[in-house]
Amino acid sequence: MDIQRSILIVALAVVSYLLVLQWNKDYGQPELPAASASMNTTQGLPDTPSASGTSSDVPTAQSSAAGSEAADKPVAVSDKLIQVKTDVLDLAIDPRGGDIVQLGLLQYPRRLDRPDVPFPLFDNGRERTYLAQSGLTGADGPDASSAGRPLFHSAQSSYQLADGQNELVVDLSFSHDGVNYIKRFTFHRGLKADCSDKEKAQKKIECINENAYQVGVSYLIDNQSGKTWSGNLFAQLKRDGSADPSSTTATGVSTYLGAAVWTPDSPYKKISTKDMDKEQFKESVQGGWVAWLQHYFVTAWVPTKGEQHQVMTRKDGQGNYIVGFTGPTLSVPAGSKVETDLTLYAGPKLQKHLKELSPGLELTVDYGFLWFIAQPIFWLLQHIHSLIGNWGWSIIALTVLIKLAFFPLSAASYRSMARMRAVSPKMQAIKEQHGDDRQKMSQAMMELYKKEKINPLGGCLPILVQMPVFLSLYWVLLESVEMRQAPWLGWITDLSVKDPFFILPIVMGGTMLIQQMLNPTPPDPMQAKVMKLMPIIFTFFFLWFPAGLVLYWVVNNCLSIAQQWYITRKIEAAAKTA
C-alpha cells in the first residue's frame, strides 16, 4: 500500500469531518432575530394577558400523581418585576408565580465591543421565551388554583448584593385559605474577594465560588387552617424554538440546543426538541437533575437528593418546550410548618462546579463520543492556564506537551517517510518497468519494501493514532466556556471565533505546504496533484474555525516540521556515509 495514499485517505477523512461541521453552520440552525438579542431588566412584562406568552404550564394534581400532561392556562402577568442583582447575576422575578423571567450574566458580555451588556440567559420578551418556573401544585397547591398562579408580595421592588455581603435572601409571601407561603430565593457572591481584578477578569476557576451561579429556591408552608394541607413541588424550564444566541455569535459551528436529564440508566440523556415534537418523556427517578443546554451555558433544576421525582419533557400548546419534574406529595397537618427546597443553576458550563452540584451534570459540557479523552485534555489545559493566565499561550504549551507525548510515534512516522523519500527513484523505476500491469508492480513494490525494511503503513498509523486527540482537542476548544472571548495577543481577541484577518489559517496553509515538501513525492501524477491541493483545501476550511484550534494546528505543524527536517537529514546523512 502506498504511504501517500494512506495519508491522503486520512486527510480526506478529516476534510469530510470538517465539511459536516461547516454544513451545520450553514444549515443546522436559523439565526436568532436581532430584537431578542438584548435583555432589558428594567422593563416589565406586558400588563395584559397574552395567550401566546403567559401560559403558566403548571402541572395539575393528576399529573403530579401520575405524570399526565400539564394544563396550559393563560394567566395575567404583573407589570412590576422584582429586580435582583449580585456581582455575577442580573435578573428579574415575576411576582405572579415567582418565576425567574429574565437573567443576564454580568461576567459574560454578549459582545466584546459591548462589555456593559450582559449575556441574556433567561428572557420573556416578544421575540424569545426562556424562563425558570417553580411552584406548588397538587390538591391544595396555590399554583393549581383555577384563579391562576399566586400573586406574591415582597418587602422591596429591588435587591442588590452589597459589598462585603456573601449571601442575598429574597422572600416572596402569599396567603390563602389560612395557609401562609414564603417562596425564598437565596443568591450567593460569585467572585472571591481575595482574587485580584486581573485574575477575576481572566475568569480563573480558582476565583469563582462554587455556588456563584446557584440559586436556592425554598418553600416555607405554614398551615394555620383547620385541615391537612397537601401538595407537590414542581420545577421546570420553558423555552421556545428560537435559535441559540451564544452559538450564533461565538463560532460558525452549530452545537447542541435542547434538554437533558439524569436517569438511573443514563447519567446524561439528551432529549432534543425534535424528540419533544414526537412524544413526551416521563420517568420516575430518585434525585438527579433536569437541564436545558446551549453553547457555553446551561440551566438546571436540581431537586432534593434521595427523593423520588417524576421527570417529564413535552411541548405545550403555544409551541414552547418544557423539561421539568414534580416531587412527591407533601402533607402539612393543621398548625404545622414544612419547608421544601431545590436548587437552580443558571450560568456557564463550569465543569468542576457542575460536578460538585450533582453527579453527571458536568457531562452537559458535551465533548461528544471522545469525552473520555477530551476531559483529561481540558483538565491539563486548565492547570496550565492557572500558571500562565492566558488561554492562547496555554494552548501553545499544551500543544508542546502533546507533541512530546507522541514524539516516539511521530519519529517512527517521519523515519518511514524519509526512507520512502530515499527509495522514491527505485519506486518510479518499478512503475516505468511494469507499466499498466498493476499486479506485477505491486509485487515488485512489496519486494522493495521488504528489501529496504520499510513498513508502508509506518507513516500512516501514527497519524491515525493521533487523530482522536486532535478531534478531542477540537471539542475542548469548541465547547469550553473558558475559551469564549478569551484573548491571546494582538489581533486575536477571542479564541473561540475565527481569526478576523485570517492570518493564522494562511500561516497554517504555509506550514502544510512546507511539510509536503519534506514528504516523498507520490509516484502517481494524479495523486501528486491532489496532494498539492490539500494545503489550499485545509486553509479554506480553517478560515472559519476557532482561532484557538487553528493556533494549535499551526504550532503542531511547526513542531512537526522541525522534527521531520531533523530526522530526514539524519537518515540522508547516514545513507551517504553508508
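The backbone N, Cα and C atoms fix where each Cβ goes, glycine too.
If you look up Swiss-Prot, you'll see 37-66 marked as compositional bias 'Polar residues'.
Residues or ranges marked as region 'Disordered' by Swiss-Prot: 34-72.
The feature transmembrane segment is assigned by Swiss-Prot to 3-23 (among others), with sequence analysis given as support.
Residues or ranges marked as transmembrane segment by Swiss-Prot on the basis of sequence analysis: 361-381 (among others). Proximity of distant same-chain residues to the transmembrane segment (361-381), defined by a Cβ-Cβ separation under 8 Å and at least 6 residues beyond the stretch ends, is recorded for 255-256, 260, 262, 267-268, 270, 289, 291, 293, 298, 300, 302, 345, 349, 351-352, 354-355, 394-395, 398, 401, 468-469, 471-473, 475-476, 479-480.
The transmembrane segment annotation in Swiss-Prot covers 387-407 (among others). Sequence-remote contacts of a segment are chain residues at least 6 beyond its ends whose Cβ falls under 8 Å from one of its Cβ atoms, and for the transmembrane segment (387-407) they are 198-199, 202, 204, 377, 380-381, 462, 465-466, 469, 473, 477, 482-483, 486-489, 492, 495, 548, 551-552, 555-556, 559-560, 563.
Here Swiss-Prot flags 457-477 (among others) as transmembrane segment, drawing on sequence analysis.
The transmembrane segment annotation in Swiss-Prot covers 500-520 (among others). Packing against the transmembrane segment (500-520) from elsewhere in the chain are residues 3-4, 7, 417, 420-421, 424, 491-492, 531-532, 534-536, 538-539, 542-543, 545, 547, 550-551, 553-554, 557-558, 560-561, 564-565, 568: each is 6 or more residues past its ends and has a CB under 8 Å from a CB in it.
What Swiss-Prot lists as transmembrane segment is 535-555 (among others).
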